[in-house]
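As written in TrEMBL, here are the features:
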type     : residues               : note
BINDING  : His372, His376, Glu395 : Zn(2+) binding site
DOMAIN   : 300-509                : domain 'Peptidase M1 membrane alanine aminopeptidase'
DOMAIN   : 616-936                : domain 'ERAP1-like C-terminal'
SITE     : Tyr457                 : site 'Transition state stabilizer'
TRANSMEM : 34-53                  : transmembrane segment
Amino acid sequence: MQYSFDGFTFTSDLFALKLRAEDDKVRRFSSSTVTMLAPLLFLLVFALVPHSFGAQLPNQNQAKEPPVAANGQPFPWDRMRLPKTVTPLHYDLSIHPNLTTLDFSGVVRIELDVHEDTSTVILHSKQLQISGALLMAPEGVKPLQVLEYPRFHQLALLSDSVLTKGRKYEVQLEFAANLSDSFHGFYKSSYRTSSGEVRVLASTQFEATFARGAFPCFDEPAFKANFTIRIVREPRHITISNMPKVSGGLLEDHFDTTVKMSTYLVAYIVSDFLSVSKTTKHGVEISVYAVPEKIDQTAFALDAAVKLLDFYDDYFDIPYPLPKQDLAAIPDFQSGAMENWGLTTYRETGLLFDPDRSSASDKLGITKVIAHELAHQWFGNLVTMEWWNDLWLNEGFAKFMEYISLDITYPELQVDDFFLGKCFEAMEVDSLSSSHPVSTPVENPTQIQEMFDDVSYDKGACILNMLRDFLTPEAFEIGIIRYLKRYSYQNTVNSHLWESLTNVSDVCVEVSGEFCSKRKLQSGTSKWHSGDELDVRAIMDTWTLQEGFPLLTVEVRGREVRLSQERFLKTNDPSLTEGFLWQIPLTYMTSASSTIHRFLLKTKTGVLYLPEEVDWVKFNVDMSGYYMVHYAGDGWNSIIKVLQHNHTALTSNDRASLIQNVFQLVSVGKVRLDTALELSLYLSRETEIMAVTQGFGELVPLYKLMEKRDMAALENQMKGYIVDLFRGLIDRQEWTDSGSVSERVLRSYLLLFACVRKYPPCLNKATQLFNQWKDSDGNMSLPVDITMAVFITGAQTAEGWDFLFEKYRHSMQTSVRSRMKTAMAWSPRKDKLQWMMEQSLHGEVMKTQDLPDVVVSISKNPHGYKLAWDFLRAHWHTMIKKFDLGSSTISYLVTGVTNQYSTTEMLDEIRSFFGSLTEETGSEMRCIQQTYETIEDNIRWMDKNLPLLQAWLNKRNHRVPHEDL
């Protein structure tokens, strides 16, 4: 699943989805969002708002009191996880939805394999009315008594006779329920045609624990089975599901039996969608479905899906096992996308592309989300984690494969320019004590939902990238193919992956001062250069079974390089950093040689010896490793000198990582703020997207903190410094759609920033273009990549805002609507901002799926941040019901609205609200703890560094006033 959010609140992905979890992830968000309005990430939000992760709830795996069924009888099972006495082999599922009365009924017949003698079958059901239960045994059909235990979403089917080990039985259940009015289970969606008619459809979203709300089932990933599905429909509708239709009458469609799979991957849709289709070179039929008036926006996604499915088919050396793969754009969708086997579902912004109206960022985002979901057809669907504690085996791999696949299939998208942002975002949340290990125990549905976060998605992808670099890409590919082939149609845990990656490479590292850059691939046992056997599991357990990441401190004394590691943690309690040790695959280069040297640091400290003295040394080359580096002694001054005099001696990723590292080190007291600011001066000569955007990402949040403290003079000095720093690069931007994807994304980013900061040349040009576009009644063709700057400038007046809203209401272009919505959320008029949030909550004029975007966007608006916080509090109970406790959406709302406060007064107000909640209304969610930690860190930062910042800016004499919008 990909979690993401539209518009400029694309906070789980620097320039892509986040979904996460889809996100989204990040993302969650993600999730990461799929419209990929990348420039807006820092330019309006202007701060990383990582999709947070929820708190670990108290262990609820076992009922505290003997469980009592809904009818008052004792319930025969007291654990949240299902027993393994019986397992499902096959589901025969018939569903009859009614899109007029908005309910559905159904019958499911489940074939069971009995592993222990029992007279009880425990399975899942949530808010379903069970009207009949039968046992089909060899000796005949018998009724079953049904007990319900709503707390754990469980049913107990009680038989008068014993189900005997080794024999096959079937149970049949009749059920009914309302279509869900949330975004999960079997839920209602709707859309408005250009003539104003509202049309209803029904779609599914079962990950992680929502299949149980659509039909009774064994709703855990390890209970894999085959599914045969029948759906009753009206003549005006079509149905689609995981498998092709084998027969269809006027009122009922029958689908072929699925391969063996988990319940969360089942999917079906009843709608009036149209489709377009093509066949891959391997013979798989690809179809893209959308509402009729948007079917002309599906061509790009269709071509991308064909290309990517063929790539994965070849790369994994395992044929895609189904005869078809559908991609459906759903009008109402909470996360970014979902990998249902054979029927992947998406937000419309994640699939629909108009060559004339969609931006370079849109193309990058759509391609990434399709790559993510199709990677899941192998990682997640074919091979599935045993339990949700290892969700990262699904999501980390899918996130990682986005970049591997697109680097080869779409080199023009330059995805390598954006991967580093994923690691920075993961570190943002992983630097707090509220973080969690990549693999961490979870039991209840809220805890499971909270796993769809930046740690599972982005940290997972970054540690896989580190391992790939360490083992060599060739060895890594051999290992993951071995993993997929060995565990096809099965469930896995962490150790299965590490075993598959062991003994496939000959890794050469530097040991005891000897240099080695030869890294050849050999069959047989992997050996260290020193003769030690490579233990992949021992290395990777340090990255997946403990939270956080290491800070490597480097001190150069002549030829001697002293190394030490500790946990990087934003805290005022140093004891919290104790007891952590990683096996770190170090890489480094020096001023004397561009050769990349490698060294595995297994201990707290270590020493390297260079062959000669050097001017500088750079560790974590290209930031391929998931760790930060502090250059002690004169180390940072040496780095600053090389950046000032010859910054291209280091790669753009190296430069971006230095910017990120030095500013983050300020927050933990390792580096003085003025040192970080001196390093930032080189940015006046920077032109590469990752380094430029990271510069914004570290500098802009500083004045965003001041906005909420009524410090206008210093705030404007800081804004002035940033504008002056990038003035040359801004002035060189053309107001066109020319250049590479990275150049176009950077242009959007810079022009938007300049207009938001009211930089006169930009403001004048954007105002002129908006007036011309408005005078043409919106018919004038604007260069796509500059529309955000134009729209946001136009939205500053009441007349301009009203015109944008009219165009928003009637547009059928999803990416254009998203940009308009974002621009409207930057209005200086509080009545407009309040109205937008209320309309999004109601869901008629603006979709409720967009409510999180709207609220978080307004929270970044200097005129709207208090409105957003008040709105979140006032409508908390409605939102947790709609978006579900523990979801990346709720985490995104909580952190997004609160993470730029830096006063004890606001911390107290926020604590007071969240402290008043009960466990059932979210008090235990990890995102709340993360919010407290973030604000405490902001308070410490401001108290310590404001005087230094003031002194440094005075010294630089950047006194040019820059009014805010």
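Placed from the backbone N, Cα and C atoms, the Cβ positions cover glycine too.
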Between Tyr457 (site 'Transition state stabilizer') and His376 (Zn(2+) binding site), the C-alpha gap once rounded to whole angstrom: 13
Fewest other C-beta atoms within 10 angstroms, as judged across His372, His376, which are the binding-site residues: His376
Predicted model, mean pLDDT over the domain 'ERAP1-like C-terminal' (616-936): 95
Count of other CB atoms lying within 10 Å of the CB belonging to Tyr457 (site 'Transition state stabilizer'): 47
C-beta crowding around Glu395 (Zn(2+) binding site), within 10 angstroms: 36
